[in-house]
Amino acid sequence: MFVDIYDQLYISYAAVVSTLGIIFNGFLLFLIFFKSPSCLTPYTVFLANTSITQLGYCICFLLTVPRVISINLRIVNIYLGFSQFLGHWWSYMIFTTMLHFAVNSFLSIMLSMVFRCISLKTLRFPTSGAFAMCILAYMIPLSMVVSIRGIEITSNFTINSKYTLWQLENLDKYRTVVGTTMAQLSTLWVACCVSILCIPIYSVMFWCRYRILRMLERPGYMFNTTTTLQIKRLVKALTVQSLIPVFTLFPASLIFLSTQFHVIETTKFGYIIISLLSLSPTIDPLVTIYYVQPYRKYIVDLLWSEERPMVSPFLSNNDPRFYRSRSNSVLMMRNTHFV
């Protein structure tokens with residue numbers, strides 16, 4: 001198996017980032033399933049959906065460690081991970097599965113914001129509704145995997161060298177190199193989902209954020225100051241999560257599109273595209289653990305067992321405002337778990 005010094009650095013990076021992502025998301029799933037208050041059930045569906053998706057992404061990244069050469073409507077992937085021993089088709093399938101996990105993770109963050117917007121209007125949100133939203137949204141990334149069943153790929157050295165404009169040295173020494181073109185609808189659809197789809201997703205997220213803040217600022221709104229403050233903090237947490245792709249997914253998509261449409265004609269970004277994309281699954285679970293109070297409290301108690309249990313300074317069960325209405329009290333309990 002041939003690897004140069006840059007490949008070795010990239011493999012080391014992939015091993016560290018993927019391993020941390022698997023550990024963080026695995027631990028977050030433990031917290032979701034065993035340390036979540038029952039009143040958070042609808043929201044934990046979205047948390048679990050995001051975490052499971054990101055865990056799957058990290059596993060696929062570790063298996064493939066793809067070096068993506070994107071240039072002039074051609075894509076050539078050099079697989080440096082274990083999947084190279086599984087053959088060309090399986091390597092490309094796992095790679096596409098990895099991309100579909102990335103898209104579903106982004107969609108799941110959007111659904112969390114949509115959930116908050118809807119729940120503020122209705123004051124009730126069934127768990128079945130959360131599952132239905134996740135399943136319906138998953139149809140988009142699932143179509144990415146289904147669409148490549150009949151894709152035409154090549155492992156021919158001469159063709160792949162032409163695809164990369166003969167700019168890659170030692171291409172013939174790699175065990176598994178897969179090339180394809182954007183002329184195929186399946187490849188075009190996958191590329192659009194990873195790049196262009198980000199625009200409507202972000203539009204929905206920030207429209208929901210705008211609507212939530214407008215509702216909370218409306219005079220005479222039914223929630224008291226405490227609940228309003230907690231909801232704003234939850235919105236802040238979701239906003240922070242939605243900003244992570246700005247520094248990971250968006251630059252990766254921009255580089256990919258720039259190389260595809262002749263803005264940049266170089267193979268030097270082969271390591272960067274997936275490297276940027278792979279930061280989100282590692283950072284996002286840490287953001288979730290920090291902002292969800294029961295999870296953060298569990299970490300604090302685990303590390304400093306002598307500390308007293310954290311008590312929210314904003315809301316007490318003895319506060320009569322807590323019992324303003326049954327629907328309102330449930331929503332208040334949900335929001336007090338976000339700080």
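Heads up, the Cβ atoms here are built off N, Cα and C, so glycines get one too.
Going by Swiss-Prot, these are the annotated features:
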- 14-34: transmembrane segment (TRANSMEM)
- 45-65: transmembrane segment (TRANSMEM)
- 94-114: transmembrane segment (TRANSMEM)
- 128-148: transmembrane segment (TRANSMEM)
- 188-208: transmembrane segment (TRANSMEM)
- 237-257: transmembrane segment (TRANSMEM)
- 269-289: transmembrane segment (TRANSMEM)
Cβ-based contact of the transmembrane segment (269-289) with the transmembrane segment (128-148), 3 or more pairs under 8 Å: no
Within-chain partners of the transmembrane segment (14-34) [C-beta distance under 8 Å, separation at least 6 from its ends]: 44, 47-48, 51-52, 54-55, 57-59, 61-62, 65, 80-81, 275, 278-279, 281-282, 285-286, 288-289, 292, 294-295, 298
Intrachain neighbours beyond the transmembrane segment (128-148), with Cβ under 8 angstroms and 6 or more residues off its ends: 42-43, 45-46, 49, 92-93, 96-97, 99-101, 103-104, 107-108, 110-111, 114-115, 185-187, 189-190, 193, 197
Positions on the same chain near the transmembrane segment (94-114), where near means CB under 8 A and six or more residues out: 43, 46-47, 49-50, 53-54, 56-57, 60-61, 63-64, 66, 77, 79, 83, 86, 133-134, 137-138, 140-142, 144-145, 148, 190, 193-194, 197-198, 201, 204-205, 208-209, 212, 235, 238, 241-242, 245, 249, 277, 280-281, 284
